């Protein structure tokens with residue numbers, strides 16, 4: 001490269017950087033992101049959508065000259081690559097994309113080290129090959145660079161071409177997916193049609209809009225939501241209303257549990273024999289097999305939030321992290337004010353995770369038994385926290401000392417991605433799909449099942465079982481779409497988008513003192529739990545703002561919204577813009593008569609719930625049946641075993 005003609009000009013370096021970033025992004029679409037790409041138009045959009053913003057950003061550096069212009073171009077390209085790779089790793093773990101809201105959850109990463117490290121793949125070097133080559137040239141082969149300035153009069157042309165390409169991209173996107181930016185809640189749609197870089201810009205704009213919404217909110221906004229939710233309220237079932245008044249309420253959170261495990265056998269052995277028994281209808285528990293999680297990016301925290309508030313989580317980020325200082329009318333506070341319940345949460349992790357130590361105060365939760373109340377010695381810990389069997393045993397001992405009535409929420413941890421378990425704790429062989437995540441899930445789910453059985457037996461021994469309402473539920477899916485190939489081997493069937501929606505069943509079991517069990521096939525979600533519990537306790541709900549309906553009410557609403565705008569009814573499901581029959585998961589070509597009504601209801605539910613959170617609307621509510629929670633009243637002391645970790 002001794003001649004001037006063979007040197008790399010700044011514009012050539014610009015083109016190389018744009019092309020390699022575009023190719024890496026296209027690679028990620030097919031290797032790491034599950035975007036459901038079909039047809040020539042969508043593939044063309046995938047090739048087009050990274051280019052516009054990447055070229056626009058990097059073209060700014062064409063105004064510079066000399067070596068620093070190359071360095072600025074390199075740094076800009078590296079930052080875009082880093083954004084792409086950060087999304088790749090995040091998607092592998094959460095099946096979603098990074099937003100400005102999720103940056104508020106970065107403090108959780110330290111506590112999830114093992115799970116995060118499992119998200120790295122051997123081929124990840126592909127994302128940085130070009131970066132290393134460019135860095136080598138900039139440091140060791142500067143003589144290859146033509147440092148003459150690029151003609152500034154052509155820079156606006158490059159920028160204009162980038163903007164024009166963006167609008168062409170948007171036109172294709174709107175043709176293939178109408179009202180993309182105004183109606184969709186699903187980040188996968190946005191990334192598929194706009195690319196991860198334009199999505200980041202879009203998310204930034206939405207974040208600013210949401211922050212402004214609180215400042216502009218008024219009592220009129222609250223009135224609109226109240227009028228909407230009151231139209232949806234259902235009458236309680238007289239056979240169940242008040243039957244659990246002042247009974248203890250125990251809520252058991254099964255981490256990452258999905259009900260495809262119920263009655264599932266691996267190598268001839270039942271994966272969850274105890275839960276199978278509870279699901280039979282012959283025990284005192286009523287089992288809801290068509291109960292779905294409704295979480296978004298907040299995952300576990302979203303499930304807690306939805307079940308204790310009958311609100312949906314946020315479309316971006318976690319309500320715990322972003323709206324933890326809002327005013328709420330939560331289930332624990334209502335139970336306290338109406339019937340004198342004392343509430344607690346028990347969890348084998350530290351209290352700052354998911355901002356729990358702050359948000360629980362706004363829920364009116366009296367006590368938080370975090371990791372400092374348990375022996376966190378290395379032998380007792382696996383993956384993200386305390387082993388479930390030890391957690392349940394110690395928690396039952398704490399509960400035995402409580403004064404009735406209490407509302408107690410237990411959050412398990414062992415059945416958490418990446419589903420690792422000490423060999424001595426494994427009592428079933430892994431499945432043999434070849435996918436470490438799916439195969440490990442079988443073992444950790446069995447361990448969770450055994451831990452739950454030991455806990456229920458412990459409650460009986462301690463005299464707590466008969467006088468308690470006991471709820472059991474899965475918080476969110478454990479196996480994401482990234483593992484569909486392995487799931488097909490495990491289940492012996494094709495995992496289509498419709499089937500994956502079916503797999504979002506996480507189950508709900510409830511034991512009510514004085515009532516026999518059974519199987520209830522109503523379609524329901526986590527948003528329905530709060531009104532159910534209030535009615536069981538004999539509390540009139542007409543003045544409470546809730547989006548769910550009582551599971552035992554004859555008027556229970558069987559339309560189950562998902563956070564991305566999809567939904568399922570007792571007859572069909574709406575997934576990725578298509579309608580499928582629940583009977584056989586086949587595509588329905590004739591639109592059901594109630595489809596538009598249900599779709600509008602789902603969109604309105606999510607919109608109204610978002611308005612409540614973004615506007616902090618409960619601060620305006622003068623509810624005659626509720627006194628606003630004063631969070632300063634609550635303080636969560638460090639437990640007696642704070643120094644047990646070794």
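Placed from the backbone N, Cα and C atoms, the Cβ positions cover glycine too.
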Given Swiss-Prot lists 300, 475, 476 for Mn(2+), the same-site residue among 255, 423, 429, 522: 255
Swiss-Prot: matching membrane side for residue 66 and residue 142: yes
154-174, 175-195 - the one Swiss-Prot records as transmembrane segment: 154-174
Transmembrane segment according to Swiss-Prot, located in which of 99-119, 120-140: 120-140
Long-range neighbours of the transmembrane segment (120-140), counting only residues six or more past its ends (CB under 8 A): 8, 13, 16-17, 20-21, 24, 27-28, 31, 67, 70-71, 74, 77-78, 81, 84-85, 88-89, 92
Per Cβ pairs under 8 Å, the stretch of 8-28, 44-64, 69-89 packing most closely against the transmembrane segment (154-174): 44-64
Between residue 475 (Mn(2+) binding site) and residue 416 (substrate binding site): CA-CA distance (Å): 11
Intrachain neighbours beyond the transmembrane segment (44-64), with Cβ under 8 angstroms and 6 or more residues off its ends: 10-11, 14, 17-18, 21-22, 25-26, 29, 37, 72-73, 76-77, 80, 149-150, 152, 154-155, 158-159, 161-163, 165-166, 168-169, 172-173, 176, 192-198, 201
Residue 255 (Mn(2+) binding site), number of other Cβ atoms within 10 Å: 25
DSSP-derived helix, strand and coil totals, residue by residue, for the compositional bias 'Basic and acidic residues' (623-638): 3 helix, 0 strand, 13 coil
Long-range neighbours of the topological domain 'Cytoplasmic' (141-153), counting only residues six or more past its ends (CB under 8 A): 1, 4, 7-11, 13-14, 62-67, 69-70
Positions whose Cβ lies under 8 angstroms from the topological domain 'Cytoplasmic' (65-68), at least six residues beyond its ends: 10, 138, 142, 145, 147-150
Same-chain residue ranges lying at least 6 outside the topological domain 'Extracellular' (29-43) that approach it to Cβ under 8 Å: 88, 91-92, 95, 123, 172, 175-176, 188, 191-192, 481-482, 484, 497, 576
